[in-house]
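According to TrEMBL, the protein carries these features:
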| type | residues | note |
| --- | --- | --- |
| REGION | 1-79 | region 'Disordered' |
| COMPBIAS | 36-59 | compositional bias 'Polar residues' |
| DOMAIN | 79-304 | domain 'Anoctamin dimerisation' |
| DOMAIN | 307-888 | domain 'Anoctamin transmembrane' |
| TRANSMEM | 318-345 | transmembrane segment |
| TRANSMEM | 394-413 | transmembrane segment |
| TRANSMEM | 467-486 | transmembrane segment |
| TRANSMEM | 492-510 | transmembrane segment |
| TRANSMEM | 517-537 | transmembrane segment |
| TRANSMEM | 565-584 | transmembrane segment |
| TRANSMEM | 605-624 | transmembrane segment |
| TRANSMEM | 685-707 | transmembrane segment |
| TRANSMEM | 735-759 | transmembrane segment |
| TRANSMEM | 853-874 | transmembrane segment |
| COILED | 887-921 | coiled coil |
Amino acid sequence: MEESSAEAPDSSTQDDLPPLAVKDVNVQLERERSEGISSPSRYDDSTLLNPGTHSSILDDNTKSDPGLPEGRSKSSGLCFSDGKSRIDYILVYRKSSSQSEKREVFERNIRAEGLQMEKEASLTNSDVIFLKLHAPWDVLCRYAELMNIRMPFRRKIFYMHRRHKFMSRMEKRINKFRGWLPRKPMKFDNNTLPDLEENESFTAPFSRSRIHHFIIHNKDTFFNNATRSRIVHHILQRVKYEEGKNKMGLNRLLSNNSYEAAFPLHEGSYHSKNPIRTHGAENHRHLLYECWAWWGVWYKYQPLDLIRRYFGEKIGLYFAWLGWYTGMLFPAALVGLLVFLYGLFTLDHCQVSKEICQATDIIMCPICDQYCPYLRLSDSCIYAKVTHLFDNGATVFFAVFMAVWATVFLEFWKRRRAVLAYDWDLIDWEEEEDEIRPQFEAKYSKKERTNPISGKPEPYQAFTDKYSRLVVSASGIFFMILVVIAAVFGIVIYRVITVSTFAAFGWALIRNNSQVATTGTAVCINFCVIMLLNVLYEKVALLLTNLEQPRTESEWENSFTLKMFLFQFVNLNSSTFYIAFFLGRFTGRPGAYLRLINRWKLEECHPSGCLIDLCMQMGIIMVLKQTWNNFMELGYPLIQNWWTRRRLRREHGEKAKASFPQWERDYNLQPMNAYGLFDEYLEMILQFGFTTIFVAAFPLAPLLALLNNIIEIRLDAYKFVTQWRRPLPSQAKDIGIWYGILEGIGILSVITNAFVIAVTSDFIPRLVYAYKYGPCAGQGRAGEGCMMGYVNASLSVFRVSDFERRSHPKTNGSKLFGEAVKYCRYRDYREPPDSVEPYAYTLQFWHVLAARLAFIIVFEHMVFAIKTLIAYLIPDLPKDLRDRMRREKYLIQEMMYEAELERLQKEKNEKKKKDRAHHKEWP
């Protein structure tokens, strides 16, 4: 679900290039006069501009970008009042705030760093002040060098190996045949997306001493908006606001309410009166909306290069991963649908469901105490057929397929991530050492120790203090897991009680389907409990993470992520684990039921099996949770922004919003989540768990996930482009700790699917019957004809007179069957009541148990072996990418050498000219 806007040139023109044709690329450096922008000399609000003086300005960045037409990038509020200095960052504060002294010192030090600033009051609230920041060329160059920002310095030239003449002719014929075929509808036209220069050039860390090596056509557009904002944010994080070694940084000023908000600007409006096909895009935001966030392009690939340019590599990698995950769901959803259809088409040939539907003379024991009546086995005919849709011969194959799919998905994501990291110049990027958190400094500022890397003194946390806090945090996690188990226990008690209640219900539909009604209502209640506990978990995870006192922001983020994932995973899947592995397993038998607190009989499975309960649990929870998440993700910011627009229209008129500058419009949008991309990743990771962990019981899970993700991509895109302030562009080379969590879910899914097939499904008992006890016993085959008599062999006989007093049904069955019931049947492998050892386990029970254990061991070892083999066979780096990286490294060395020689030769020639001119002056 992704598309890169930079494509390699045609290989037919590349073969004829000389090895060092790159040295002929011209280096252009357009020398422009430096901007002299006056800045206020005072630090109070008397320097504010008149709020009504702002006017429409030209966004030079978007105007000069390829793919955007001239004259189409005008937008209000992207520059200072002079119309030339671009706004790189916005700080917002209130005049009534009590932190004015800190702000004055902070702003004075900002000017000392070379940043230019301009203040302007809000049009809607005179108490709100916008501080506009601009980084001049020399400041950008200085900090780009300090931050090792990679910039383009030569066009990429791809070298292809010469092919055999026969292969070349075949390629030409194939390409000619492709030309007759219709164009891929998922791809954009080449003229829709701009050619981003940085994706077609070799890059190197910026250096002022070698500035003549870099491709600089225009100083204003050499550093794009995202890079300029990142540089300014880097400066603001290191500017002091008070005397003291730790009194610095914008984050601290935001936390103590010196500033109310800080954000880079969007590049204008995402709407346009003119269609994009005829008039082009107004700016990159408008282009992203039309090509990505608009619901009409849901089937198109994502313009990842444009996303990365506008939002930064971190957000670009999230959408690349989400698109890759969604694309990989297509084969999983297709195979799952085929498994479901196989069950549907073989329904009429299923011997087990036939026998259940024809078993009108088999009377089943009541499933609850007193109020549940005797039932014919044929009454569960519909449930037996539905169970066959999910529990059929293809179930084992699908479980193995999904385990292999999860491995292939992760291994090929490694390769895709490597390609993106190469295209986005992240291969050699190393994350800077995180700053120490202010809370950590405040707590441990009295104790210091020299940092072995930087050699500077820093706060130190003692070993005993650190691990005592970890023990307390782990105890809190364990306690919250016990809370989840208690909630599940409450749901179990609810199911036990309501089975009897629904069995005595006045409405015949509910009374005859008491078990299904119990399962459905229990799942809905469980969903409500899940959503309520999620709110509690976030607060507890924050409390426990802050209690641990992590040293850096990355440590804090990883600790919080692990806690939240663990809480959410246990909360979401605990009831599913109960239904899959415990429901109906420890109920005892009629006449000797196991009871909760010696009072309530544990719930039994439906006569057709427990798999139908698991399917209902997964289907309802998955659909409800995805619907709720999508509503909250888009509904909440939409409602908030609608309310803000309504208030502004009521106070300032209908046309007020159109006259607002860009900073005012962005300020009225919703800020990005406090935890960044955490909520987006968490939702998808939990969905991945649902798709893989119990997929043997619910083969339609990948299809539901696919449909949700197609909506999710456009929903997130619409939210980022239209409803949120522009987040600070930041770099990242992978998805972080989430990859390890995905690998853990993949391992867990193999184990759970093995147990679902062996324990929850009837696959193993049917297999044992077919090969050992059925009509084909000893013949080495197991078809539908070999299953004749399976239902009767899987049911045991119970004498009604052996019922406990509190379990004895109130009706003796005479109204339904014409005479009092003396014997009833139940699902188990036990001796009849008249045998030597009444109700003892039969030999078939032990055969089935041994087969189940053997299947679990064989299945797990086989699947893990396949997963390990696939992971070994798929290299992390594609071979062509490895060759391109080596070739690029060689070319960069050659080009730098050639460029240096050219510079030295030019200097030598200029010196000779000066010497000749000097000698001519002598008589």
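Residue 1 is the first one shown; counting continues down the chain.
Every residue, even glycine, has its Cβ placed from backbone N, Cα and C.
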Same-chain residue ranges lying at least 6 outside the transmembrane segment (735-759) that approach it to Cβ under 8 Å: 317-318, 321, 395-396, 399, 402-403, 406-407, 410, 417, 558, 561-562, 565, 580-581, 585, 614, 681, 685, 688-689, 692-697, 852-853, 855-856, 859-860, 863-864, 867
Tertiary contacts of the transmembrane segment (853-874), as residues 6+ beyond its ends and Cβ separation under 8 Å: 396, 399-400, 403-404, 406-408, 411-412, 415, 746, 750-751, 753-755, 757-758, 764
Contact yes or no, the transmembrane segment (394-413) and the transmembrane segment (517-537), 3+ Cβ pairs under 8 Å, gap 6+: no
Overall pLDDT of the domain 'Anoctamin dimerisation' (79-304), taken as the mean: 81
Stretch with greatest number of CB pairs under 8 Å, the transmembrane segment (318-345) reference, 467-486, 565-584, 605-624, 685-707 candidates: 685-707
Highest-contact recorded stretch vs the transmembrane segment (517-537), from 467-486, 565-584, 685-707, CB pairs under 8 Å: 565-584
